[in-house]
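K.L.:
Let me begin by handing over the structure; questions about it come next.
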Amino acid sequence: MGKSVVVLGAQWGDEGKGKIVDLLTDRVKYVVRYQGGHNAGHTLIINGEKTVLRLIPSGILHNNVTCLIGNGVVLSPSALMQEMGELESRGINVRERLLISEACPLIMPYHVAMDHAREAALGNNKIGTTGRGIGPAYEDKVARRGLRVSDLFNKEKFAAKLKNVLDYYNFQLVQYYKAEPVDYQKTLDDVMAIADIILGMVADISTILDTARKNGDNILFEGAQGAMLDIDHGTYPFVTSSNTTAGGVATGAGFGPRNIDYVLGIIKAYCTRVGGGPFTTELFDETGAEIARKGNEFGAVTGRPRRCGWFDAVAIRRAIQVNSISGFCMTKLDVLDGFDEVKICVGYKLPSGEVVDYAPLSAKDWEGVEPVYESMPGWKENTFGVTDYNKLPAAVHNYVKRIEQVTGVPVAILSTGPDRVETMILQDPFKQ
C-alpha cells in the first residue's frame with residue numbers, strides 16, 4: 001500500500017523543506033507542488049553542489065521520479081524556462097519528467113509590474129512581497145479574468161484575452177500608480193515563443209495522482225513558504241497569497257484529503273521570518289545576530305536578511321492545529337551550538353497581563369504581545385554533521401524532548417547540516 005506524505009513549513013518559511021523533500025524522494029514515484037509560485041527558493045546541497053529550485057519540484061534531481069505542478073501553483077512561463085534551462089545544462093532531462101496542470105494561472109509581466117508599483121506606493125507600510133507577481137496573479141484567478149495554461153491551446157483567443165487584461169492593468173499602472181505601461185506585443189511574443197514547450201508538458205494532475213494512489217505508489221507533496229504565511233490562517237495581512245497549509249493539497253492538486261497519510265512539519269530549531277509582520281520571539285541583540293550569522297539567514301531567492309528569534313511553541317501550536325501535523329523535522333540544530341542557554345517560548349503575555357498558550361489570528365492582535373520563555377542549558381559540543389542521535393549531547397536531547405512535550409508532536413527527523421546525508425531519521429514518514 002502506497003503512502004501519501006505532505007512536507008510543509010510549520011513556521012514562516014525558509015525551514016529547509018527542499019533538503020528534506022530531496023532526502024525522502026528516493027522513497028516515492030511522484031513529487032508534487034500544489035501552491036505558490038517561483039517566490040520560494042528551495043536550496044539543495046548534494047555532494048557539495050548547490051541547487052536552488054523555485055518552481056520545479058525538488059524531486060527533479062532524481063531520475064526515477066516524476067514531478068507534478070498542480071493547479072494551485074501560479075506559473076511564470078519565463079521563470080519556468082529559465083529554471084529548465086539551468087537544469088538541462090547540467091544534463092537533467094526536465095521535459096520528460098515534469099507534468100503541469102492546464103488549470104495553472106499564468107504569471108505575466110503585468111503582474112510583476114503591479115507588484116512593484118503597489119509595494120512602492122505603500123512605502124514603509126509595504127507587505128514585503130518578493131516582487132514576482134504572485135499576489136496579482138492569484139487576484140486574477142479569483143476575479144476570473146486570469147490567463148491559464150489551458151488558454152495557450154488557442155493562440156488567437158489567448159491574444160484577445162491578453163489584450164483585454166493588459167488594458168485593465170495598464171490603466172491602473174499609468175493612471176493610478178504613475179508607472180510605465182507593459183508592452184502588449186512584446187508580452188505576447190515572449191509567451192508565444194515558449195507556449196508549445198509548456199503545452200507539451202500538460203497533464204491531468206488529479207487523475208495521475210488518483211491512479212498512483214490506487215496503484216500503491218508513494219507520493220510526496222512539497223509545500224512552499226510556511227503555515228504561518230497562509231492567506232487564511234497566517235498573520236494577515238503579512239501573508240502570502242496561497243494556502244500553504246495541508247488543505248492546499250486538496251485544492252491545489254485535486255487530491256482527496258482523506259488520502260493524506262502523514263503531514264511532516266518542517267521547523268528550525270529556532271525561528272526566522274523574512275519581511276514584515278508579527279514575530280514575538282524576534283531577537284534584536286547580539287544573540288539574534290549570532291544566530292543569523294551562523295545560520296546564514298539570507299533568502300535563497302531575494303537575498304534579503306531574515307529576522308531571527310527563539311523557538312516559538314505557541315505559534316507552532318496553531319500550525320499543528322490547522323495542518324494535523326503528524327511529526328516534525330527539526331533543521332539547523334547545529335546553529336544553536338555554543339550558546340550558554342537556549343529558550344523556548346511557551347506562552348504569550350497579552351497587554352492585559354493575561355498569559356495565553358495560543359497565537360492570535362490577525363496581525364493587529366499581536367500588537368503588544370510579549371513572549372513567555374522557558375530557559376534551558378545550551379551545549380558547547382559541535383553537532384554539525386552528526387548522524388547518530390545517541391552521539392548528540394544530553395542538552396540537545398533535553399531540548400528536543402521539551403519541544404515534543406510543549407507541542408505534543410514527535411520529532412521524526414533531525415537535520416544537522418545542509419547536505420542530505422547530515423540527517424537522522426528517527427521515524428520514517430513513509431513507514432508510519
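Easy rule for this one: first residue shown is 1, then count along the chain.
For all residues, glycine too, the Cβ spot is worked out from N, Cα and C.
Not measured: the values here are computed from a predicted model.
Here Swiss-Prot flags 13-19, 41-43, ARG306, 332-334, 415-417 as GTP binding site, drawing on sequence analysis. Residues or ranges marked as active site, proton acceptor by Swiss-Prot: ASP14. The IMP binding site annotation in Swiss-Prot covers ASP14, GLU15, GLY16, LYS17, ASN39, ALA40, GLY41, HIS42, THR130, ARG144, GLN225, THR240, ARG304. Swiss-Prot lists ASP14, GLY41 with the feature Mg(2+) binding site, giving sequence analysis as the kind of evidence. The annotation active site, proton donor is assigned in Swiss-Prot to HIS42 on the grounds of sequence analysis. The annotation substrate binding site is assigned in Swiss-Prot to ALA300, VAL301, THR302, GLY303, ARG304, PRO305, ARG306 on the grounds of sequence analysis.
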K.L.:
Within 10 Å of the Cβ of GLY41 (IMP binding site), how many other Cβ atoms can be counted across all chains shown?
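P.N.:
Result for GLY41 (IMP binding site): 19 other Cβ atoms within 10 Å.
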K.L.:
For the binding-site residues GLY13, GLY16, GLY303, PRO305, which one has its C-beta crowded by the most other C-beta atoms within 10 angstroms?
P.N.:
GLY13
K.L.:
Please name the residue among the binding-site residues LYS19, ARG304 whose C-beta has the most neighbouring C-beta atoms within 10 angstroms.
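P.N.:
Of LYS19, ARG304, the one with the most crowded Cβ is LYS19.
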K.L.:
Between PRO305 (substrate binding site) and THR130 (IMP binding site), how far is it from one CA atom to the other, in Å?
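P.N.:
Between the alpha carbons of PRO305 (substrate binding site) and THR130 (IMP binding site) there are 13 Å.
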K.L.:
Please report the distance from the Cα of ARG306 (substrate binding site) to the Cα of GLY16 (GTP binding site), rounded to the nearest angstrom.
P.N.:
14
K.L.:
Among GLY13, GLY16, LYS19, THR416, these being the binding-site residues, pick the one whose CA is nearest to that of GLN225 (IMP binding site).
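P.N.:
Checked the binding-site residues GLY13, GLY16, LYS19, THR416; minimum Cα distance to GLN225 (IMP binding site) goes to GLY13.
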K.L.:
Measure from the Cβ of THR130 (IMP binding site) and count the other Cβ atoms within 10 Å, all protein chains considered.
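P.N.:
There are 22 such Cβ atoms around THR130 (IMP binding site).
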K.L.:
How far is it from LEU333 (GTP binding site) to the residue listed as 'active site, proton acceptor', counting Cα to Cα, in Å?
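P.N.:
Distance between the two Cα atoms comes out at 14 Å.
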K.L.:
10 Å Cβ neighbour count around GLN225 (IMP binding site)?
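P.N.:
Other Cβ atoms found within 10 Å: 27.
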K.L.:
Translate the DSSP assignment of PRO305 (substrate binding site) into the three-state scheme.
P.N.:
strand
K.L.:
Would you mind checking how many other C-beta atoms are within 10 angstroms of the C-beta on THR416 (GTP binding site)?
P.N.:
24
K.L.:
Between THR416 (GTP binding site) and ARG304 (IMP binding site), how many Å separate their Cα atoms?
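P.N.:
So the Cα of ARG304 (IMP binding site) lies 23 Å away from that of THR416 (GTP binding site).
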K.L.:
Can you tell me which of the recorded positions GLY13, ASP14, GLY16, LYS19, GLY303 is spatially closest to THR130 (IMP binding site)? Compare CA atoms only.
P.N.:
GLY303
K.L.:
Using Cα coordinates, what distance in whole Å links LYS19 (GTP binding site) and GLY41 (IMP binding site)?
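P.N.:
Rounded to a whole number, the Cα-Cα distance is 11 Å.
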